[in-house]
């Protein structure tokens, strides 16, 4: 009798653990499909692409640096300004002041106006008002849902679609248990003459302040745009963006309509050295998101990652010769593509995750007390959906994988009952008595399809890539001595020239506020023009000692200045 009771008590837990393990075996270790792996090959290397593949030269040519023509003297004057110690210190202190305001957001917060934790954003708004006086005199500001900020810099030519630049004001919370591990207090905004330390310095207050600093600098030089520039700053990107960017997206859609913007640039991956060359990786899409709840029961989770690109073979000087040959041949050979995939993915698991739907069992539960029989158990399985797949295909796959398992365990499978009259929602009916029920569902109702892919055979990509290359380099020569900085650790090998930056389209594994802006433009790029000369490439975001190098930060300002000037001169987008 006791053995029978023990079996009954364990059934829900054993069933859900078995199912979770089976899911991992079926999905997590599946090789990425050729479609996923080669997703960026045509984009990067087709003859029609801006980055053209020349089989005879086996090279991936880059856009020439795009220097403003009409505004050339203005660009040169601002370049000179960026080269000064005064400007570096001034902009570093602007970021420092923003970091000192702890605009933390949490997964569960009450509505704006009811939850007092939102009130920190009022302090940040007041700080921005004081820090950027010309912006608040010359641009029109609309407050969306109280703390969302939408600035409009009206251009003189209404026939040109506006440029949209976005960032977020919020930061992830600091774990109080880790405060003693920080070199400087997380909200001190300490500037040591080289780096700005603190939560938000790398995600994403550097994006917020660099955009505003670029606009303020252009205003100080009496620049008046022909093309309207819109700035949109949400305040809960780290908590899915429902209060901030979602509301701003609706507002901009109401005011401007669908496909009204020339292009959008939001936060993304920073510049990173790969096999001896610096790579800029503007993301032209984001993976989808789906939390699968398996209930014998469930809630949500987290996962991320980057992508592959073939310009490595042409521009990475320290790439192993065999891998270089396979990457070059991968354009026309599936065998070479798979060898390159195996080599790159073995060395970089994060890169591997970019090419496939990833799976992580993040939450498992069952029972409430050690001496009470559990009435149910469950898991939440987080998926980052590959760009060549969909949430619907993932659900279909889940049903196909789990139906035979449920039959083997003698349990009824109820698949996605909230989807309506679809293949997934049809309850499995059986005349045979079943030992239990397994229900599949969207754990939080937050399923997100992969983002639309922004084209790279476009004037928008040409402006973006050309601007990145024009803004590249040590942004302020001579400052190493002025700021008592050691020489860059990124020293070329003997006999090598200083590597130039390589611009390649990529895929963002995480999700940004851009998910709420899809209707505004098909030209959405997620990119952070930040290069750490001596430190972590991502600035240690979301962890202890988050930091932003002052020189890299000024490089971001330079990029946004160049982007606004080049977009203003373009008549092709």
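Note: Cβ is positioned from N, Cα and C throughout, glycine not excepted.
Features reported for this protein in TrEMBL:
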- 168, 203, 266: Zn(2+) 2 binding site (BINDING)
- 170: active site (ACT_SITE)
- 203, 238, 542: Zn(2+) 1 binding site (BINDING)
- 237: active site, proton acceptor (ACT_SITE)
- 285-404: domain 'Peptidase M20 dimerisation' (DOMAIN)
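Between the listed recorded positions, namely 170, 203, 237, 238, 266, the fewest other CB atoms within 10 angstroms of a CB are found at 238. Each of the binding-site residues 168, 542 was scored by how many other Cβ atoms lie within 10 Å of its Cβ, and the smallest score goes to 542. The two recorded residues, residue 238 (Zn(2+) 1 binding site) and residue 266 (Zn(2+) 2 binding site), show a Cα separation of 14 Å. Apart from the site residues 203, 238, 542, the chain places the Cβ of 171, 172, 200, 204, 541 no farther than 8 Å from the centroid of the site's Cβ atoms, the recorded Zn(2+) 1 location. Residue 170 (active site) sits 7 Å from the residue listed as 'active site, proton acceptor', counting Cα to Cα.
Straight-line distance linking the Cα atoms of residue 168 (Zn(2+) 2 binding site) and the residue listed as 'active site, proton acceptor', rounded to a whole number, equals 6 Å. Note: the CA-CA distance between residue 542 (Zn(2+) 1 binding site) and residue 203 (Zn(2+) 2 binding site) rounds to 8 Å.
Residue 203 (Zn(2+) 2 binding site) sits 10 Å from the residue listed as 'active site, proton acceptor', taking the C-alpha atoms as the reference points.
Residues 168, 203, 266 make up the record's Zn(2+) 2 site, and a Cβ search at 8 Å around their centroid adds 166, 167, 204, 207, 208, 237, 267, 512, 513 from the same chain.
Residues belonging to the domain 'Peptidase M20 dimerisation' (285-404) score a mean pLDDT of 72 in the model.
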